[in-house]
């Protein structure tokens, strides 16, 4: 029997099976309060499924998710949001018919019943992510980078304690990535723990204090970014069998 | 909600209230009252369909339930017309909540929600047609006893003002919804249910609130219909005609806008009266026009009249 | 509950099977369109009404027996269905479920009310010499037109099966139903196949209309009586399944006949609607894929 981890968020032996496919297998890891923690892994490793389980969009086939000592396995997403876990989506999901301000306000309405309060929060959040100039534009009219910021702002407006970012940098060009990295760091500095799936390795190295590596549904490594990229198991997972030894012999 | 939000509604009500001063012929007032009843039913549909994106094909279930409830309570249980009206509206709202709970909990949306609401309305129609308490196929009459205390009036103008009052109240409710948390969450669910869930929106609860409110407003139209015409049968109260009317007006006038249903209702029925005077009374002709309009607004966006006005303005 | 002698019940069951086959035929068109185009065609009932009026006119004006009228009406309605899909539904849909919902609803309103404007709300029927003839099956008597309807409905299903499995067009239809993008990549004209499928679905209605007319009536709203039944069958039999539509039709036919016997004509219909609602509410994913 595993003792409940005192950690902020802890995942215990979580598995998810879709028909014959085992998307996540016995995954266990923790996220420390106040950290920026990364989840990396090759395509199809099961990262998004794991995220969906933590955020309540999928129920795990087995295993448990604990949030500040309390079991939240299978709790529906809207209740998790209430409890302080917010997420963004890899494919951004703006409310197309609404303005940027109204998009963000939907998140803010979670903790503010009055429209005036929600709109005020929306404006504050927009400023934090650099959207102040776009508040009255329809969300559908923004560039990809702008929509990523809206996605971030909507989640922030729910005033979460833990923010799950699903590839918030994907699809951005290098200069846009450079712009948004400090925004993520500022979010953490404002007291929100960040747990992010990310492909852009440079950003992971730059931002994360801790990284978990998922490959073929299993957590194969964990540690600081510097430790993880040297881990032979990780190199093999990314570059194929035998890659670690080949690299070592070249060195 | 601010005074600025309410100004257009107040203007509309004030101008429309003047109509009986200029139009005194009963046939025209009849037409005006009937159109207002349709507008009211359509405003109900607009809450769920326009703002919530859940297209019901069975709003007759709510219209008919309130209509029958108000008639039966008066005729079989001797209740006064005003409380009977209120009970009718509440009954419609309850029916809406139950149908909504069953459908939304099962995750029905889009065409499947349309189908299941259609089927529910048909069940009610067949039941009302066979049951004794509704008067079966013969229908039910509300006893003629013209006294304001009975919600029956000498002049059609009085009814016109009451119908207008209800339509105005529904406009205010819609505007208040737009400015409320529920309204924002409802639109969020319409645009993207998963994204709304992730932001803590309890989508099921939001949709249930919407259908209960929607059913109450359409129910008010049904109860008013009963009170005005004093006769109901299953094909009137639960017929597909009212489900279709309630849906057409907002779609044509602008779904998910405050004035869309009223605009659509007035345009559609104005058009139908106009063609009647032009080519004479041919049964079904008005609905042929409505159907063609429906196809055209879907085929050629911008989908509705306000969109056309915006486009026309942009061109100039 | 009343009790009936076995031959009455047997006759009700058989009559239900006979009507059910025609229900199955109506459902066949609906299920095919759903299976391939993934749309729910709310105009299906109105198109059946139109076909029944066409068969009526063929009899009244041209003196064609409804069974003979099948020959001209099938190609006519195939062309109509093809055109409606290509010229009305497809351009308006823009890939959105709600648009298809509204356009097919609009179509049904137009068709129904054009019929009302032309023929008024009177209920019409044809007089054919064999309308009252019966086929004796032991102690039970079965209406001749119903027996014919049963046979032809199965014949049509068999022909359809052959078309879908043996011809190039049929294989293309099944390919599009399974994997639209893949089918387009190997050079199948998906828009054409959609319209062909819609045409076949509408042609099924033309046959059903001609089979119904000798023992049924026609009025502008007659299709509505069938469309919810057809939807129920399609849901029961599995969306897109040809044998499912036929078996579902037979089942619903028997259900309707028996509940009519025990609960009376008007309340008998409720059984069907309730089955429909229950299946939609409790097994929508399995049969309908509604949550997708």
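In case you wondered, yes, glycine gets a Cβ from its N, Cα and C as well.
Note: TrEMBL annotation is automatic and uncurated.
What TrEMBL says about this one:
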{"type": "TRANSMEM", "residues": "B:7-23", "note": "transmembrane segment"}
{"type": "TRANSMEM", "residues": "B:29-48", "note": "transmembrane segment"}
{"type": "TRANSMEM", "residues": "B:55-75", "note": "transmembrane segment"}
{"type": "TRANSMEM", "residues": "B:81-104", "note": "transmembrane segment"}
{"type": "TRANSMEM", "residues": "B:158-177", "note": "transmembrane segment"}
{"type": "TRANSMEM", "residues": "B:210-231", "note": "transmembrane segment"}
{"type": "TRANSMEM", "residues": "B:251-271", "note": "transmembrane segment"}
{"type": "TRANSMEM", "residues": "B:278-298", "note": "transmembrane segment"}
Winner by Cβ pairs under 8 Å against the transmembrane segment (B:210-231), considering only B:29-48, B:158-177, B:251-271:
B:29-48
Given the transmembrane segment (B:29-48), which of the listed stretches B:7-23, B:251-271, B:278-298 has the most Cβ pairs that are under 8 Å apart from it?
B:251-271
Short question: which residues 6 or more past the ends of the transmembrane segment (B:158-177) have a Cβ under 8 Å from it?
1, 5-6, 9, 12-13, 16-17, 19-20, 29, 32-33, 36-37, 39-40, 43-44, 46-47, 51, 148, 183, 186, 213, 217, 220-221, 224, 228, 258-259, 262
Which residues, given as numbers and ranges, are at least 6 beyond the ends of the transmembrane segment (B:251-271) yet have a Cβ under 8 Å from it?
8-9, 12, 31, 34-36, 38-39, 42-43, 45-46, 49-51, 167, 171, 174-175, 178, 187, 190, 245, 286, 289-290, 293-294, 297-298, 303-307
